[in-house]
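Here is what TrEMBL records for this protein:
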- 1-26: signal peptide (SIGNAL)
- 35-331: domain 'Plant heme peroxidase family profile' (DOMAIN)
- CYS42-CYS121: disulfide bond (DISULFID)
- ASP74, VAL77, GLY79, ASP81, SER83, GLU95: Ca(2+) 1 binding site (BINDING)
- CYS75-CYS80: disulfide bond (DISULFID)
- CYS127-CYS327: disulfide bond (DISULFID)
- PRO170: substrate binding site (BINDING)
- HIS200: heme b binding site (BINDING)
- THR201, ASP252, ASP260: Ca(2+) 2 binding site (BINDING)
- CYS207-CYS239: disulfide bond (DISULFID)
Amino acid sequence: MGTAQLLLLSNIFLVFLSIVVCGVSGAGNNVPRKNFYKSTRCPNAEQFVRDITWSKAKNDSTLGAKLLRLHYHDCFVRGCDASILLDKVGTDQFEKEARPNLSLGGFDVIDDIKRQVEEKCPGIVSCADILALATRDAVSFRFKKSLWDVATGRKDGNVSLASEVNGNLPSPFSDFATLQQLFAKKGLNVNDLVALSGAHTIGVAHCGAFSRRLFNFTGKGDVDPSLSSTYAESLKQLCPNPANPATTVEMDPQSSTSFDSNYFNILTQNKGLFQSDAALLTDKKSAKVVKQLQKTNAFFSEFAKSMQKMGAIEVLTGNAGEIRKNCRVRN
């Protein structure tokens, strides 16, 4: 082979290598990462979101629970793309109109954060990132430090369908096999399932989500035998049959505004409110994790890891999706 041919091959290889390296580098830039906004025209985006969220959490002890649930319901359907925030347009039902989502709260908070961030940095920060950040910040408020890192750089989705909710979102009536299957579909394992269930340490539930366990568990007017009998009696007093749709009950008795590991303590006392809570004790591996997470430090550590994994479900980046100007409406 002559010198000219070797030179030509060498140049072709260098061009090919340049394309590969640039391609990999470009793809890497589109992956959500820590401090994504530091290199944008909105370097203080995370600080803005935290300050606004903390000012709201100061006056609303339920905000952490509301946003955790909103973020969770978003990520399990089409990934963490803020599709849960979209309002209905036309005749198709959107995600927020699906029955499991009718009791969600916190939309107004996300709207207000988005409005204030847009005033400072128009068109830079996605609604999906605002929801992920505000959730972390609302839960972290009383600790005055971030309980987990949030990778940023997500784009907002353009599709929201109520019909996709039931097949993707675990319900309070799910057994362990169903829970494990739905979590596995999202790349989450049993450790994640148990750790994320620990979010039930804050917040309240409507009676309808568990009344069957109290009054008609197998269709014979019976109580779920996996539920503490004394706890069942106290719940019956709070939620007589038929259930009042307006009545709510603490998911973690006497601790529903305190983010801690107490959920796992009550679980081992057979006081998990939902059938899906009790289901965690029906599998050897998950029951073992429940016991491990009774320790506060272990729970905080595992919850942080699982929230990061959940926040990465099917995210949109690069040219996929958009940065909405208004979280309720597609651009």
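From the backbone N, Cα and C atoms, a Cβ is placed for every residue, glycine too.
Within 8 A of the CB centroid of the Ca(2+) 1 site residues ASP74, VAL77, GLY79, ASP81, SER83, GLU95, the other residues of that chain are HIS73, CYS75, PHE76, ARG78, CYS80, ALA82, ILE84, GLY157, SER160.
Closest to ASP260 (Ca(2+) 2 binding site) by Cα-Cα distance, out of the recorded positions VAL77, CYS80, ASP81, is CYS80. Neighbours of the Ca(2+) 2 site: apart from THR201, ASP252, ASP260, residues of the same chain with C-beta atoms within 8 angstroms of the site's C-beta centroid are GLY198, HIS200, ILE202, SER255, SER256, SER258, PHE259, SER261, ASN262, TYR263. Long-range Cβ proximity for CYS75 (disulfide bond), meaning a same-chain Cβ under 8 A and a gap of 6 or more residues, is found for LYS186, MET310, GLY311, ILE313.
The Cα of CYS239 (disulfide bond) lies closest to that of THR201, out of the binding-site residues ASP74, SER83, GLU95, PRO170, THR201. Annotated pair CYS80 (disulfide bond) and ASP74 (Ca(2+) 1 binding site), C-alpha to C-alpha distance, rounded: 6 Å. Distance noted between the C-alpha atoms of THR201 (Ca(2+) 2 binding site) and CYS207 (disulfide bond) is 17 Å.
Within 10 Å of ASP81 (Ca(2+) 1 binding site), judged by CA to CA distance, lie the following recorded positions from the set CYS42, CYS121, CYS127, PRO170, ASP252: CYS127. CYS207 (disulfide bond) sits 15 Å from HIS200 (heme b binding site), counting Cα to Cα.
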